[in-house]
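One structure below.
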């Protein structure tokens, strides 16, 4: 199936070309814009759309990656994993992780218009009310609170009917959803796991209760996953925000082009230089082109790209810059620091079923009829992500770490479970050649481990050193062990009798579980925090609560690197909401 996913990246669906999309910086007639957006990913696409609404603003988006059009792995939900480790992935790798037996961990990021919204598993989680209120507390800005961003949530997405047209009563609260450009939906293809999960949760209470809508403020409990899918196709930042804006004459988007640094074009008259120039190149040894912004430069290069560009520009920890011989423009100690991600583990069970996805994963020839069905009417297996339809977010039991909870509050979880109808080939464990399986994907969503991103070289085309320090705290390891046991407990209920035969791996005790987790976990690719927002000066964060870079003028950051704490959920919806508010903040600074 991996080969099928890789090959299908080359399959074209015959979508139209874009009028304002350029393949080379040399094709651009302009070298001066009002706004320059570095990165055409999730947040960058939102910014491009909103800032170019005023036709007096000339806007340039500089994207290092490729066009998103005609890539089947991006468009067809079930084939999404084929985008990982492909031409539309940056294909980053961590440094050896001490907490994971010195393994290096693959870290995927979208090298394509739409960024990671074009290659992720499409999970749509707004976040809990606690999470947003915690953002407001940590940034000392009530504008980031749950109530304050409520209108932006409604502005971002629109709940659409599932592809199979089933009645969604009791599966979602429609009033919690808006009428924005990102299309979201409940799963449009039922698996036999779905009623087992919901029936079990509805028969229980406490930690294992049923949650009608995890996007209504309280995320705790079991319920249906909502995904950025509409009409059986992925809905990304590119398709929902960027592409509809490409017919505007005041918006230019150039791909295959990397911003190597940002700088001031003239000496500062005070202690805060005005950053107004981006340097762009298409190859490491190719010519450099300078483009200026008369109003603002906005970094939306992502949790890895943004801090790398900052440090290459002389903005970062002084000791790191000096080590690489980079002149210090601004000593900003938090650049690259506070890196955090969600560790993830696949737990497998042998099941008594002939309706799992395993045959499709083993035999590529079976995908043909499914693809024909999808092409004909956007129905069938391929309309759902390769991950599961049902999800839970849980608190740890109170006695696991008495008095300690690093999550945002009582409505935010410590762990996540996703129920997959087959052997989800995550990590190093290969798909068995026979048998039927269920996977319960577990994750620690309130981790306490913190790492850092540093420069490897001063070549902007070399990847930075990425060290998230996964599983370096006892809380993270023991919380993963707890959710592994929670999975066993949950599937021991009556709905699972006769279905679950046995675990794929048996454990004698928690030490064996912990060792297994260290040996087999990867991440959910949810890294955040490398340019986090905070109050006060540079010692309190890289950007202020308006997302301006502290200590300079003319430079903003709008992407997941500014999150002051990792969301206890899948973070893409948070990025959209962040970018919508940032667009208004940027506009307000010029009117």
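Each residue's number is its place along the chain shown, starting with 1.
Cβ coordinates are placed from backbone N, Cα and C, and glycine is handled just like the others.
Here is what TrEMBL says about this protein:
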SIGNAL    1-19  signal peptide
DOMAIN    33-343  domain 'Glucose-methanol-choline oxidoreductase N-terminal'
BINDING   112, 259, 571, 572  FAD binding site
DOMAIN    447-579  domain 'Glucose-methanol-choline oxidoreductase C-terminal'
ACT_SITE  526  active site, proton donor
ACT_SITE  570  active site, proton acceptor
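Positions of TrEMBL features highlighted on the structure.
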residue	record	Cβ within 10 Å
112	FAD binding site	30
259	FAD binding site	25
526	active site, proton donor	24
570	active site, proton acceptor	28
571	FAD binding site	27
572	FAD binding site	26
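Of all Cα pairs drawn from 112, 259, 571, 572, which the record names as binding FAD, the longest spans 25 Å. Residue 570 (active site, proton acceptor) sits 7 Å from the residue listed as 'active site, proton donor', counting Cα to Cα. The two recorded residues residue 572 (FAD binding site) and the residue listed as 'active site, proton donor' have their Cα atoms spaced 9 Å from each other.
Considering only the binding-site residues 112, 259, 571, the residues lying within 10 A of residue 526 (active site, proton donor) on a C-alpha to C-alpha basis are 571.
Following the DSSP three-state reduction, the secondary structure of residue 571 (FAD binding site) is coil. In three-state terms derived from DSSP, residue 112 (FAD binding site) belongs to an extended strand segment. Per-residue pLDDT, averaged over the domain 'Glucose-methanol-choline oxidoreductase C-terminal' (447-579), rounds to 98.
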